[in-house]
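Structure record follows, encoded as structure tokens.
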Amino acid sequence: MGLLASNVLVGLPANIYVVWMITSQSSSPIISELFALNLAFAEILFGCSSFYVMVHFLLRMSEAVGILILQLFLQLMLISRPLFQTCICLERYMAVVHPTLFIRLKPLRYRLGFCLFDWLLILLDFIFPAFGLSLTVSACYFIAKSLLFLTILSYCGIRVLLILKQPGPSIRSENWNTMKRKAFKVIIITLMFNSTTQLLQTLMLGPTVLSASLLVILQLTLFALSISIISSFITPLVYLHRAGKLPCIKF
């Protein structure tokens, strides 16, 4: 209940504010932040589900229904968050490493196509457990997803960091160098946090493959919930800091 309450009180308002900031600007920022907007919408759905589950258990309604709803929305975050974060990381990678190709893929139709494809993958991920797979197969499937996201995030993030670390021409202004330093710090914080999250989610399913006891499943569910809720704080805070809305936090 404490984890759910923190998600409702901190994560939900922060993501609502991010959506308001993106949608209240002109069309150009909406296009450039389309992946972040979809990620914030997914985070809002997770926050609303946390509020519903809190009310559900406080009113002592059916525990089976409450746990099922919590598992569904937890599954939503375990696939939607790394998926959209990977898209954001790939977008930065293309913009820095392959700028010519990035300009060609910059129009709105390409971004909308990627977002539609991402939500289709999320829907397929919801349908996948309906095939009645064993716990071991489901755990291996989740580990494979986490390792895939971890590989893409790490590769793209490190390549971008290496390029940003390179000294630019002497004609660059001090303002440009300051922007590069800020971008370097934001990317390295995002990379470290996302990589740690995916690595922890991979390691925590190891005991599930070896032992399928109910106690282990409940412990892993609580651990996964803790990671998801903490992640819901970091993503909007990094975006708000990048937008200059958190002057009290400097790095």
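A Cβ is built for glycine as well, from the same backbone N, Cα and C atoms used for every other residue.
Because TrEMBL annotations are produced automatically, they should be read as predictions rather than curated entries.
Pulled from TrEMBL, these are the features on record:
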TRANSMEM  6-23  transmembrane segment
DOMAIN    14-239  domain 'G-protein coupled receptors family 1 profile'
TRANSMEM  35-59  transmembrane segment
TRANSMEM  65-84  transmembrane segment
TRANSMEM  112-135  transmembrane segment
TRANSMEM  141-162  transmembrane segment
TRANSMEM  183-204  transmembrane segment
TRANSMEM  216-240  transmembrane segment
Completion exercise
In the same chain, residues at least 6 away from the ends of the transmembrane segment (141-162) whose Cβ sits under 8 Å of its Cβ atoms read 78-79, 82-83, 85-86, 89-90, 92-93, 96-97, 128, 133, 184, 187-188, 190-191, 194-195, 198-199, 201-202, 205
Practice task
Restricting attention to the domain 'G-protein coupled receptors family 1 profile' (14-239), give the mean pLDDT.
Solution key: 77
Practice task
Report, as numbers and ranges, every residue of the chain located at least six residues beyond the transmembrane segment (183-204) whose Cβ falls under 8 Å of a Cβ in that stretch; write 'none' if there are none.
Solution key: 78, 82, 85, 89, 92, 142-143, 146-147, 149-150, 153-154, 157-158, 160-161, 164-165, 220, 223-224, 227, 231, 234, 238, 241-242, 251
